[in-house]
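Okay, structure first, notes after.
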Amino acid sequence: MPLYKLLGWLNAVACGVLLLVLHVQGQDSASPIRNTHTGQVRGSLVHVKDTDIAVHTFLGIPFAKPPVGPLRFAPPEAPEPWSGVRDGTSHPNMCLQNDNLMGSEDLKMMNLILPPISMSEDCLYLNIYVPAHAHEGSNLPVMVWIHGGALTVGMASMYDGSMLAATEDVVVVAIQYRLGVLGFFSTGDQHAKGNWGYLDQVAALRWVQQNIVHFGGNPDRVTIFGESAGGTSVSSHVVSPMSQGLFHGAIMESGVAVLPDLISSSSEMVHRIVANLSGCAAVNSETLMCCLRGKNEAEMLAINKVFKIIPGVVDGEFLPKHPQELMASKDFHPVPSIIGINNDEYGWILPTIMDPAQKIEEITRKTLPAVLKSTALKMMLPPECGDLLMEEYMGDTEDPETLQAQFREMKGDFMFVIPALQVAHFQRSHAPVYFYEFQHRPSFFKDFRPPYVKADHGDEIFLVFGYQFGNIKLPYTEEEEQLSRRIMKYWANFARHGNPNSEGLPYWPVMDHDEQYLQLDIQPSVGRALKARRLQFWTKTLPQKIQELKGSQERHKEL
């Protein structure tokens with residue numbers, strides 16, 4: 001299959017992975033019924049294909065009112081009660097988004113079949129996966145998954161928690177939240193403070209606190225976990241005063257609250273773009289919001305599709321200050337955390353999706369200065385920093401392949417690695433932090449990706465959810481199966497005890513001043529001081545050089 005044919009499917013992989021299971025008919029527990037604060041819900045008995053493992057699934061449970069009409073661009077409100085027994089056997093609507101990024105024919109070619117899921121603003125639902133033996137009083141650990149997708153795409157039903165729930169005896173909850181403009185648009189004032197998607201996540205966590213006991217979960221043992229923008233969400237909840245007490249552990253996979261593209265102190269740029277695209281010639285925020293609430297779904301979707309990525313904002317409530325300030329001031333209540341990255345975050349999928357016009361494979365020593373100058377501007381750095389980036393990452397090498405590899409490393413460091421290390425350093429003095437670098441290149445990608453790609457963005461998700469046991473006919477090795485089982489065990493141990501270690505697993509040391517971390521590969525091992533030189537460059541050397549540059553420019557102006 002040519003690489004371009006795989007783009008749609010890999011877009012889905014970047015935000016998550018579809019792990020479908022087979023529904024089976026049966027007696028009694030085949031139609032489990034559970035209570036919630038707003039009514040009863042009926043689920044399904046599900047067997048993971050080719051195993052005797054059974055789980056109960058409850059799909060499409062509302063945790064808030066539909067965010068439509070006057071509730072568009074407003075905080076979520078508690079769901080309305082219902083009478084009778086609600087059907088929880090079909091997937092909920094996914095939130096309004098550019099569904100072209102979710103893949104189509106390419107999924108079928110890989111024997112991956114997306115369920116036919118409709119799209120609607122009425123999308124604030126969650127899915128629950130519970131071991132079939134669980135009942136009220138089982139007090140199982142709860143793992144709440146927040147999907148990624150640049151805060152613009154994704155859905156809960158791409159992630160099937162059945163294998164993780166059944167093999168590790170945990171309750172898995174996958175939640176949805178408003179995306180794109182509908183989820184994160186802000187006017188910067190009281191008329192639309194923004195972060196609606198984050199507020200949806202808070203509402204879902206409150207629902208879990210109130211109701212998960214009826215599904216066999218322990219509300220006092222909740223771990224939130226997510227990847228990419230989902231990891232950013234998790235990290236943002238750690239520092240948000242609105243989320244305190246709603247969870248007790250946090251797992252951040254390739255995403256933290258200070259990712260440069262997913263947090264902004266100002267909403268001005270997005271505000272201006274939306275105002276122009278909408279045709280709402282508003283003289284003030286109040287009239288703009290009135291106009292936007294009057295748009296239909298198709299009109300809002302057209303605006304949404306302009307944004308491949310959209311940032312959360314400092315809104316004064318969910319995020320009283322920039323996350324970096326909140327961490328530096330210790331103005332938060334940290335919980336034990338697993339934080340990690342993959343060793344090739346900008347290897348292939350992200351440049352393919354986010355910046356297809358930039359042909360990394362065309363970089364040479366001759367073209368590099370212009371490329372780095374442009375890249376520095378995109379990073380919100382002075383263009384003169386291009387020379388510093390060249391010196392740090394490329395040195396004097398002339399070899400194009402080496403230059404291209406170093407460029408990809410530089411982008412991955414800036415976007416994911418350095419922010420993750422910064423957050424780990426902030427948090428480790430207040431609560432245990434376990435850091436990892438995922439290093440395994442999945443074998444089933446060997447025919448679809450360039451050979452230089454290692455562990456790309458999103459690759460670990462397959463293993464976290466036990467991909468090889470789902471209804472997926474992809475080749476995998478025995479070693480990969482063992483690695484998947486180890487990762488699920490680490491994650492579930494952490495959810496259960498706040499510590500990933502247990503007998504039979506390679507030891508994972510806490511990240512302290514020795515800077516130890518786990519190298520997650522077929523043969524896991526302990527590393528030390530991950531990217532110490534690069535961390536020094538991005539957090540000390542580069543800021544100092546920028547200050548010197550500004551000082552020089554100021555003196556030049558005075559002359």
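Any Cβ shown, glycine's included, is placed from N, Cα and C.
Since the structure is predicted, the reported quantities are computational estimates derived from the model, not experimental observations.
Record note: of SER502, SER552, Swiss-Prot gives the feature phosphoserine to SER552, with no matching annotation on the rest.
In the disulfide annotation of Swiss-Prot, CYS280 is paired with CYS291 out of the candidates CYS291, CYS385.
Within 10 Å of the Cα of GLU345 (active site, charge relay system), the following recorded positions from the list CYS95, CYS123, CYS280, CYS291, HIS457 place their own Cα: HIS457. Across the structure, HIS457 (active site, charge relay system) and SER228 (active site, acyl-ester intermediate) are spaced 8 Å apart at their Cα atoms. If you measure from the Cα atom of CYS95 (disulfide bond) to that of SER228 (active site, acyl-ester intermediate), you get 18 Å. Counting only the Cα atoms, the space from CYS291 (disulfide bond) to CYS123 (disulfide bond) is about 22 angstrom.
DSSP assigns CYS280 (disulfide bond) to coil in the three-state reduction, placing it in neither a helix nor a strand.
Here the disulfide-bonded residues are CYS95, CYS280, CYS291, and the one ringed by the most other CB atoms within 10 angstroms is CYS95.
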